[in-house]
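Worksheet: one structure, shown below.
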Amino acid sequence: MCADIIDGNTIASKIRAELRIRAQALAAQDIQPGLAVILVGDDPASCIYVRNKAKACKESGIHSEVYNFPGETPQDVVLEHIQTLNANPKIHGILVQLPLPPHFESRRIIAAISVEKDVDGFHPCNVGALVTGHALFYPCTPYGVMMMLKEHSVLIEGQHAVVVGRSNIVGKPMSLMLLENGATVTICTSKTRDLAMYTQTADILVVATGKPCMITADMVKTGATVIDVGINRTATGSLCGDVDFATVKEKAGLITPVPGGVGPMTITMLMSNTIEAAERAIHANAF
Ligand SMILES: Nc1nc2c(c(=O)[nH]1)N[C@@H](CN(C=O)c1ccc(C(=O)N[C@@H](CCC(=O)O)C(=O)O)cc1)CN2
């Protein structure tokens, strides 16, 4: 068996074309969706992601503002800036690029963002709403994965989904979204004892551990859908995922590559959440 590839770039392009139409409809009402991105420090990967977010905004008809604070900025300065953005009617979405420098309490920073502008879906109220099945915004990476599964008509209801990873950004929200869609969900970590025993029974396997190539073909059920959320840089500077793509693709039914899989979907779903936030702001102002 050789898996079909789930191409994140193709799916992202299709969604972005739909988003441009929604942005044009807003423009016809004199509204331009606005996204503020806060970056603290100069982590090279974060700088690239923020630059790509600003570029994606431009292509999608979204106004963007990037605030790059030096790494040694006191937390209170950033908290105060978030309050200013919360009150700015031109800004519909606010995100703080993660990770933050060690002297920051990410929890306090994220909680300072207005719930209605939390386009990353990381605010504790949005996380709680996700748990109860009423999320205002889905976190962008798992939202992107769900769109990929939908695009390939992958059956979720009644299927066994195994999520390897328990981060707040991917593993936990991913598990909740699969559960909400009727999957039987098992959450594992890279340290789970006899991990293969769980992954071998997965109809849908989502891996987000940050451990290069840790999922090998013997750990995957024949015909499974394998979603690799990992982005790891190798010694030679190239990228690889958490799944050993070369061997697993010979056994899986569907598989995402790295790069070009889940990654491009993350920024696309951020654009989607920002446009959604602007559309909601119109309705909120109508009453
Ligand atoms: N506030 C947030 N911080 C972080 C998030 C997030 O969703 N919100 N996620 C990640 C980083 N991230 C977006 O911020 C992100 C990661 C990867 C990609 C991507 O397109 N990856 C490409 C490869 C890019 C490369 O060459 O390095 C791919 O997989 O094809 C986009 C966004 C952590 N922080």
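For all residues, glycine too, the Cβ spot is worked out from N, Cα and C.
Where the annotation comes from TrEMBL, it is an automatic prediction and has not been curated.
As given in TrEMBL:
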DOMAIN    6-120  domain 'Tetrahydrofolate dehydrogenase/cyclohydrolase catalytic'
DOMAIN    139-280  domain 'Tetrahydrofolate dehydrogenase/cyclohydrolase NAD(P)-binding'
BINDING   GLY165, ARG166, SER167, ILE231  NADP(+) binding site
Point to revise | Contacting binding-site residues, sequence order - ARG166, SER167, ILE231 vs ligand 1, Cβ under 6 Å | key: ILE231
Point to revise | CB contacts for ARG166 (NADP(+) binding site) [other CB atoms within 10 A, all chains] | key: 18
**Study point:** Residue, out of the binding-site residues GLY165, SER167, ILE231, whose Cβ gathers the largest set of other Cβ atoms within 10 Å
**Key:** GLY165
Practice item. Tell me, roughly as an integer, the mean pLDDT over the domain 'Tetrahydrofolate dehydrogenase/cyclohydrolase catalytic' (6-120). Key: 98
Exercise for review: Let me know the largest Cα to Cα distance in Å among the NADP(+)-binding residues GLY165, ARG166, SER167, ILE231, as an integer.
Suggested key: 16
Point to revise | the domain 'Tetrahydrofolate dehydrogenase/cyclohydrolase catalytic' (6-120), counted residue by residue under DSSP: helix, strand, coil | key: 59 helix, 18 strand, 38 coil
Exercise for review: For the domain 'Tetrahydrofolate dehydrogenase/cyclohydrolase NAD(P)-binding' (139-280), jot down how many residues DSSP puts in helix, in strand and in coil.
Suggested key: 53 helix, 26 strand, 63 coil
